[in-house]
Amino acid sequence: MIQGSIVAIVTPMHADGALDLPGLRKLIDWHIAEGTDGIVIVGTTGESPTVSVDEHCELIRVAVEHTAKRIPIIAGTGGNSTSEAIELTQFAKDVGADASLQVVPYYNRPTQEGMYQHFKKIVEAVDLPAILYNVPGRTVADMSNETILRLAQIPSVIGVKDATGNISRGIDLMRLRPKDFAVYSGDDATAMALMLCGANGNISVTANIAPRGMHQLCDAAINQRVAEAIAINNKLVPLHNKLFIEPNPVPLKWAMAEIGLIPSGMRLPIVPLAAEYHDIVRAAMRESGVLQ
């Protein structure tokens, strides 16, 4: 089972929006050195909606090849087209990804039965472990615990990223899940609480800029070292809060560029962080110790 701090890694881009693949390789090496336990490539934070299919595949390929099995690579291959998700997932399997991340279909607003059939079709078509991804704040389609538990009966559906931020709902899911089905937080602000209640890790935005701290937090919380987890989380809280002052990944990319981790590029309709928030994010970085 994949567990711990799983970074939802950014896609480095130059000022003109071109992919920075050497920069991605450097980021991967840095994450491994800092203790990151796994990487989600081309997820929400990786700007999956604004990369082409060819770029999407290239990012997965580069991540898998460069990581070389040092840590697991989870390929973001989900979408609101079942057939396209199958094609991307097949590519991820072919190049050696360890698992796929399958987001609830967005915009077309499927029913619970539609969600079930969508995911079932993908995992039947491609023999690659799949992690479901429920993020109703972005998809406007909320997968119920009942549907998640129904899908959890399929052996290749190995877990869910719960980005609802609803701790009581997550606890109820964990109470009813099969023993080998993983639950990951997808919300940095509530991740510690969910892990202390039994979640297997955090698929994290904050880990992009504080990988060692997030690894330490996950290790402490998963292993029930409560006081240690609280102390680490308290240090990271300013980042949990201010990295979402505008929609992710805008504040995150600004913060990472500020300390030289990546260039400042992103793609429309995402635009750079408003100047009025620069000092606010910078202060959070200082408070959390990622900026001196």
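Along the chain as shown, the residues are counted starting at 1.
Keep in mind that glycine also has a Cβ here, set from the backbone N, Cα and C atoms.
What Swiss-Prot annotates here:
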- Tyr133: active site, proton donor/acceptor (ACT_SITE)
- Lys161: active site, schiff-base intermediate with substrate (ACT_SITE)
- Thr45, Ile203: pyruvate binding site (BINDING)
- Thr44: site 'Part of a proton relay during catalysis' (SITE)
- Tyr107: site 'Part of a proton relay during catalysis' (SITE)
So which one is it: of the recorded positions Thr45, Tyr107, Lys161, Ile203, which has the fewest other Cβ atoms within 10 Å?
Tyr107
Expressed to the nearest Å, what is the distance separating Thr45 (pyruvate binding site) and the residue listed as 'active site, proton donor/acceptor' at their Cα atoms?
13
Have a look at the recorded positions Tyr133, Lys161, Ile203 and say which one has the shortest Cα distance to Tyr107 (site 'Part of a proton relay during catalysis').
Tyr133
Other CB atoms within 10 A, centred on Tyr133 (active site, proton donor/acceptor):
27
Reported as an integer number of Å, what is the Cα distance between the residue listed as 'active site, proton donor/acceptor' and Thr44 (site 'Part of a proton relay during catalysis')?
10
Cα-to-Cα gap, Ile203 (pyruvate binding site) vs Thr44 (site 'Part of a proton relay during catalysis'), nearest whole Å:
11
At the level of the C-alpha atoms, what whole-angstrom distance separates Thr44 (site 'Part of a proton relay during catalysis') and the residue listed as 'active site, schiff-base intermediate with substrate'?
12
